[in-house]
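K.L.:
Below is one structure. I have some questions about it.
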Amino acid sequence: MDLILDFSLTSLFLISVQFRFATWKEVLMMVVGSVCSLVHGAASPLMLLVYGMMTNTFVGYELEVQELANPNKTCINNTITWLDGTVVERPDNSTTYCGVDIEAEMTKFAIYYIGIGAGVLILSYFQIALWVSAAARQIQRIRKMYFRKIMCMEIGWFDCNSVGELNTRISDDINKINNAIADQVSIFIERISTFIFGFMVGFIGGWKLTLVVIAVSPLIGLAAGLMAMAVARLTGHELTAYAKAGSVADEVLSSMRTVAAFGGEHKETERYDRNLVEAQAWGIKKGAVIGVFQGYLWCIIFLCYALAFWYGSKLVIETKELTPGGLVQVFFGVLMGAVNLGQASPCLEAFASGRAAAKSIFDTIDREPEIDCFSEEGHVLDKVKGDIEFHSVHFNYPSRPEVKILDDLNVVVKAGETTAFVGPSGSGKSTTIQLIQRFYDPKEGMVTVDGHDIRSLNIQWLRSLIGIVEQEPVLFATTIAENIRYGRAGVTMEEVIEAAKQANAYNFIMDLPQKFDTLVGEGGGQMSGGQKQRIAIARALVRNPRILLLDMATSALDNESEAVVQEALDKARQGRTTISIAHRLSTVHNADVIVGFEHGRTVERGTHRQLLDRKGVHFTLVTLQNQGKDTDILEVIGNLYESPKCSVFKLKHLSYRRSLRQRSHSQMSNNIPDAISGKFKIHSDHLETEEFDRKDEEVIEPAPVARILKYNCPEWPYMLLGSLGAAINGSVNPIYALLFSEILGTFSIQDLDEQRRQINGICILFVSIGVLSFFSQFLQGYSFAKSGELLTRRLRKVGFQAMLKQEIGWFDNPINSPGALTTRLATDASMVQGATGSQIGMIVNSLTNIGASFIIAYYFSWKLSLVVTCFLPLIGLSGVFQAKMLTGFANEDKNALEAAGQVSSEALSNIRTIAGLAKEKHFVSQYEEKLQAPYKRAKQKAHVYGICFAFAQCVIFMAFAASFRYGGYLVSNEGLPYMMVFRVISALVTSATALGRASSFTPDYAKAKIAAAQLFKLLDRVPKISLSKTEGHSWDDFKGRIEFKGCRFTYPSRPDIQVLRGLEVSVHPGQTLAFVGSSGCGKSTSVQLLERFYDPDEGQVLIDGHPSASISVPFLRSHIGIVSQEPVLFDCSIAENIQYGDNSRTVSMEEIIEAAKKAYLHDFVMTLPDKYETQVGAQGSQLSRGQKQRIAIARAIVRNPKILLLDEATSALDTESEKVVQAALDEARQGRTCIVIAHRLSTIQTADIIAVMSQGVVIEKGTHEELMARKAAYYKLVTTGAPIS
């Protein structure tokens, strides 16, 4: 007893950890709910007292009937006497009581039952409603605290925690905590209370028997405790294993275009699947462990029965210490206690997995961020000049402690001056900018502003002084005006417009149909690079910052936008401390001071002229940039001073390098890079229709179970074995009802020896049932866990496969953002398990239980069975009702939380930008706002759930009242033996509880069907562009001749903007075609049509004379290699990234090295400690832009394609790397058809055909010389950089 109590107390103590965030009001709700649960728990033992009295009444009546069967006996003064008036004495000299009015007695008992039932109705409603709503309030608070805490973590923490994993935590793990602190606790308390009161009833009825039974109970408690511990550990392992697979899925879905271009779908599915194997193994172990313990519990319970009945009947017959009713009361009291203790164990399982989940959540909540951006501490200076100084700073990124980035850096940046940082890729320039923003703290040394160490300044205030424009601006999925407003709180519309004008963004914004209210799409995907950049500049200017940081702010732009933006930046720099990082001279030469970086330290400092004389780093860069020009270097330099404007285009040098470890999902930005031509319309009605589509889509019919089972087909042997086990388990209860009533029957046998023999026989049967049920429980648990885990893994895999099969346009739809898709994979597949596996076990178990019970009951007394059966639908109905309510909610909850999930996903993916803008609080409040709706629903749910639960709990008391009352009538009027009354009622009532048990699983079942329907909807969707190898034709000598014939095209996500308006251009095998033109004129779109990411709306793309729509997609893509300006790398080694170039075979190490040499990558790789096995980090974040770019080129070369697409392939590089890479590309172009897109004209002068595009059509084409001679658009572009109209 102590052991069990002690066990339940420790478990309650462990749960209490999860209630850290409860307010007094919630504590009160939980306390009242617990009191209700306690009292509710006492109801069943109370019923036993009535039951015991009733049994005595029946046995007494039966003995009276047997005695009075002798015509010589009669009943006088409630004692049986002979007809001559002498009292009849039994062998032990006692007299026999008579004159029982069985019907009146039964009416009395029925009233007791109804009273208890009414009490239960009220208590159980409050118990559930209070607990569930208290839990909803706490979970709401935990969600808010967790998200808020994540948002104030320092950036280094994000480097070490993947965004995918954090998203999974926010959705799944918090739900696990919810399961552990809601209704489960109240049910747990109720069960423990029944356990305690049951034992009390036992002790009151007969202490000897109770002690005997209790002696065996610790065995039960022990099993439950061990099980809870094991399950918690296994669940923890399962979670971590799945988080890995989740981050793979997130990474792949975020870089869908790259996967598609290189045909990596199959490879990625395999990689995902490999990560699922581990999670599956843990799941199966968990199932087996639960099976063993469940079997053990049942076995012990049946052995207890045998012992108790054997010893109890001794007490009744030999020592007369107990009445038959007392035996029933004691035995059932203790049994009820033990069973409830057993049933409390599933709750412990929920608590355990809740604790495992809570640990990781609370650890994060308790972690003190090293740099807390919400902190109010730190000085605020009255006046800021803007002097910045680095004092011997040493630094390395927390995610790569072994690589030193800054090595004893000393730099002074004077207030009001423009300082330019130049130097090769990876020399630490961007890192300095991150240190000024205090994304990281230096390991040694310090950074000061106006002589104050920035660590001593208030962080929000410090960041509010700084405006930053990166080369890859991140925009948020809202309107243009809102994006600019993110710059500073409380900005008026006038200021927004002013900032837009200063950033030269005003004109293009006013050309849009909705002007400032135009939505920019996820990650700004609806805007071209130049447009995004200008919006970002406006956002920085609206802050009116003292310090302006420009991290290659203009590198992403084409000639016209660049001149315009550069001018805007020159204006913006006036009177501010500005740090500009650039690889391009035009942006650097008019800086006040130029600082040269190398290997994380400064090597030179001075003006442009001084540094040229020093012939150091800067000189090398300048020289490299000017090679190949006819003019003498010095002449160029002279020109620079005379007319900065013209030389801008001679030295035009687009270069980008993404700030080194930037983890933003910038992939979005190349989804639709230039898709917006100057003219641009979005009708409001289109946006509304999209909203409608979403609404329509969410009404999903639950999937048919047959189809779910079809996916479980391969596991049929397991399911068969499991069902066999379940069937045996199901028939245990009815057999028990039979044996139980037999025992009661033996008490009215007059012959003692016969009585003894029957009792021993029954006890032996109990023992054998116990042994059998150990094996059948294990069989059921293990088999279904195995089949369920295999199914989950298979569904996740086919679901992921189906996602990868969709055409690219599908991913443009915001509903299918990577965040939403990974959440779907994580939750839907594991929910489907609820419809098969253990669910089938439950169903088989319940069916055999109900079937056997009905056969037994109707065989022995059909009249009484009919009365009891009338109540079964109510008992069943209450279960169904409960399920229906919960599924209704399940659907809504999921959508509501998905909205919050999108906010959290966007916030975590772009954490750097948000930190730079100090907008964390804004996102926190947006997230909290999105949580309101699901929270309201959860509170409503509490009441509905409470009402259904209460109804289900009290029906059984009413059923007892009616059936025993009618049983009494049948016994007295139709001579039905009383043991049959017990047999029928206990058989049917156990079957009803089985029904209830099956229906308690219905919420899972219903959720499972909805989840399955969503999955099947995805599996059934026929992609518009099929990836199957069999569809479409292929041919042997693929030449690579390309023609665009009258192509018109609009992006499916923006149906009213036509990007291509009749594109006509062709290129012969081996030729190079270059597209030039302003941002948004459709250059990149044409490349996407060639890759068949999309098909043209009208016209066709011909390859070797075959229309692209009829060619097999894998075949076509296998002949195309692509290098884009934003290469996407995967989180694996360099070698694996290069191998990715050809996924149709295994690429050997020799080929990898060969390709790396061609891409001028080999030497760099050999300097790394792990050589080709070096991990590149998420999205290649551990490498500089130039290094990533060269890996991407090697990847394209390994493919050995006939067609090479270069989408601004060198724009991301600094001068040294660019020369090298350009050479690599020139070599790669040999003998291949090549399409080059470039903003920079120097790279394309050698092209065979140059096509100038404007607004989706080619306006002129020819060689460089022809076009220059024609003196039209191209000439104008080269000489002046004027816009092409």
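Including glycine, each Cβ sits where the backbone N, Cα and C put it.
A TrEMBL annotation is a machine prediction, not a hand-curated record.
What TrEMBL records for 27-54, 110-136, 185-205, 211-232, 288-311, 716-739, 759-779, 856-877, 944-964, 976-995 is transmembrane segment. The domain 'ABC transmembrane type-1' annotation in TrEMBL covers 31-353, 720-1007. Here TrEMBL flags 388-624, 1042-1280 as domain 'ABC transporter'.
Set these features in their place in the structure for me.
P.N.:
Beyond its flanks by at least six residues, the transmembrane segment (185-205) meets 1, 4-5, 8, 15, 30, 33-34, 36-42, 44-46, 48-49, 52, 127-128, 130-131, 213-214, 322, 326, 329-338, 340-341, 343-344, 347-348, 351 of its own chain at Cβ-Cβ distances under 8 Å.
Sequence-remote contacts of a segment are chain residues at least 6 beyond its ends whose Cβ falls under 8 Å from one of its Cβ atoms, and for the transmembrane segment (759-779) they are 288, 291-292, 294-303, 305-307, 309-310, 313, 721-722, 724-726, 728-729, 732, 735-736, 739, 742-743, 746.
Tertiary neighbourhood of the transmembrane segment (856-877): same-chain residues 734, 737-738, 952, 955-956, 958-959, 962-963, 966-967, 970, 974, 976, 980-981, 983-985, 987-989, 991-993, 995-996, 999, selected by CB-CB distance under 8 Å and a gap of 6+ residues from either end.
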K.L.:
Excluding the flanking five residues on each side, which residues at least 6 beyond the ends of the transmembrane segment (716-739) place their CB within less than 8 Å of a CB in that stretch?
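P.N.:
For the transmembrane segment (716-739), the far contacts come to 298, 305, 762, 765-766, 769, 772-773, 775-784, 786-787, 836-837, 840-842, 844-849, 852-853, 855-856, 983, 986-987, 990-991, 994.
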K.L.:
Do any residues of this chain, six or more beyond the ends of the transmembrane segment (211-232), have a C-beta under 8 angstroms from a C-beta of it, and if so which?
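P.N.:
For the transmembrane segment (211-232), the sequence-distant neighbours (Cβ-Cβ under 8 Å, at least 6 residues beyond its ends) are 1, 3-4, 7, 11, 199, 202, 286, 289-290, 293, 296-297, 300-301, 303-304, 307-308, 311, 330-331, 334-335, 337-338, 341-342, 344-345, 348-349, 351-353, 355-356.
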K.L.:
Could you give the residue numbers and ranges of same-chain residues that sit at least 6 residues beyond the transmembrane segment (110-136) on either side and whose C-beta is under 8 angstroms from one of its C-beta atoms?
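P.N.:
Answer is 22, 26, 29-30, 32-34, 36-37, 39-40, 43, 46-47, 50, 178, 181-183, 185-186, 190, 935, 938-939, 941-943, 945-947, 949-951, 953-954, 956-958, 960-962, 964-965.
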